[in-house]
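Summarising the annotation, TrEMBL assigns region 'Disordered' to 1-39, 111-138. Annotated domain 'Histone-binding protein RBBP4-like N-terminal' per TrEMBL: 45-112, in sequence order. According to TrEMBL, the compositional bias 'Acidic residues' annotation covers 121-134. What TrEMBL lists as repeat 'WD' is 256-291, 303-337, 348-382.
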Amino acid sequence: MAARKGRRRTCETGEPMEAESRDTSSEGPAQVYLPGRGPPLREGEELVMDEEAYVLYHRAQTGAPCLSFDIVRDHLGDNRTELPLALYLCAGTQAESAQSNRLMILHMHNLHGTKPTPSEGSDEEEEEDEEDEEERKPKLELAMVPHYGGINRVRVSWLGEEPVAGVWSEKGQVEVFALRRLLQVVEDPQALAAFLRDEQAQMKPIFSFAGHMGEGFALDWSPRVPGRLLTGDCQKNIHLWTPTDGSSWRVDQRPFVGHTRSVEDLQWSPTEDTVFASCSADASIRIWDIRAVPSKACMLTTATAHDGDVNVISWSRREPFLLSGGDDGALKIWDLRQFKSGSPVATFKQHMAPVTSVEWHPQDSGVFAASGADNQITQWDLAVERDPEAGDTEADPGLADLPQQLLFVHQGETELKELHWHPQCPGLLVSTALSGFTVFRTISV
């Protein structure tokens, strides 16, 4: 791909976290901190956020941490960039006790951009700044329903005008919840209070399936056939759900046969109704066609896609590319036209621990993001080539080892689990971690 003009690489100029000396005797200049490259933080140094590297940055907590979430498409419009922003998430908790878990809708709004640097001025100006700061405070409402058992994965889809969530539970069940009521009450404080008081405990799934005989994580709704669902478990089985009349599903009891260990992730093809991909702890990635009987539906296999577990995959909606991340910390791009070769067309290594989430940008075909157990979120662009006239490596020789497609490294989270691009707000990323949710947009994307 040709180099894209105007894309700003910030791994060297706008690193979101900087190492800055906090020695009480003297404060040294701030330095860019590159995880895994260069010396570790010394005593007296800490990471400080560089707000100039972000267009928008907000954090939120929900009590118990959420292992998984999904973004709910809304009716506020596509391609919206005007601030402040609003968005809706569906998430599930991993609480200490099974009875304490919740499935929830989060309404985040009044999300302003990063604040300009404060300037010295009169008392009157300071009062105006305080009023402005109050008006700029982000807001969060939660509509929750009880859920017995920790929630391993949540994926949202629309069945016509009805929003639903597929939920994988650690108790070995996959359930479907209707979300309309939760989305209604989260808009109105009085309705929300009444719901939490009178209705919350009565909310039940509209459908559940216990045929997996154990827990799992893999779950994906078809983007082309409303209501068609795939679920995969830790027992190596994948089941196909076919919608029937009246908010119900017929689940094929015959599993798709091929993987020898836990199925970690599933992705439907964005262009073909019957084709999907899977990845597994057996180190393989497989391509399937549901028109064949389940025992013969595996059409293509790369047996050793990674050195160890393949944790996550993402199928590009704009190019014939599959992106994968594994326990080996590698990110690999597979051209499905050459999948039989068993070789990726690109491999990137920035993460120093297992990759926990990957996703292609919904509008920009060359851009993707990844998160890792090393507490990094990385943004990449296949179209970027290093500008030899920019003098990057002369300014900091440590940058010479960085992959030229690496746009941005975000740090500061603890035990990162999952990330998603917002499909209607270009460049906006949302992540969940033990430390909570983060919503941000960088100057790079």
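Yeah, the Cβs are placed from backbone N, Cα and C, and that goes for glycine too.
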Within the domain 'Histone-binding protein RBBP4-like N-terminal' (45-112), residues counted as helix, strand or coil by DSSP: 6 helix, 37 strand, 25 coil
PLDDT averaged over the residues of the repeat 'WD' (348-382): 97
Helix, strand and coil totals (DSSP H, G, I; E, B; other) for the repeat 'WD' (348-382): 0 helix, 19 strand, 16 coil
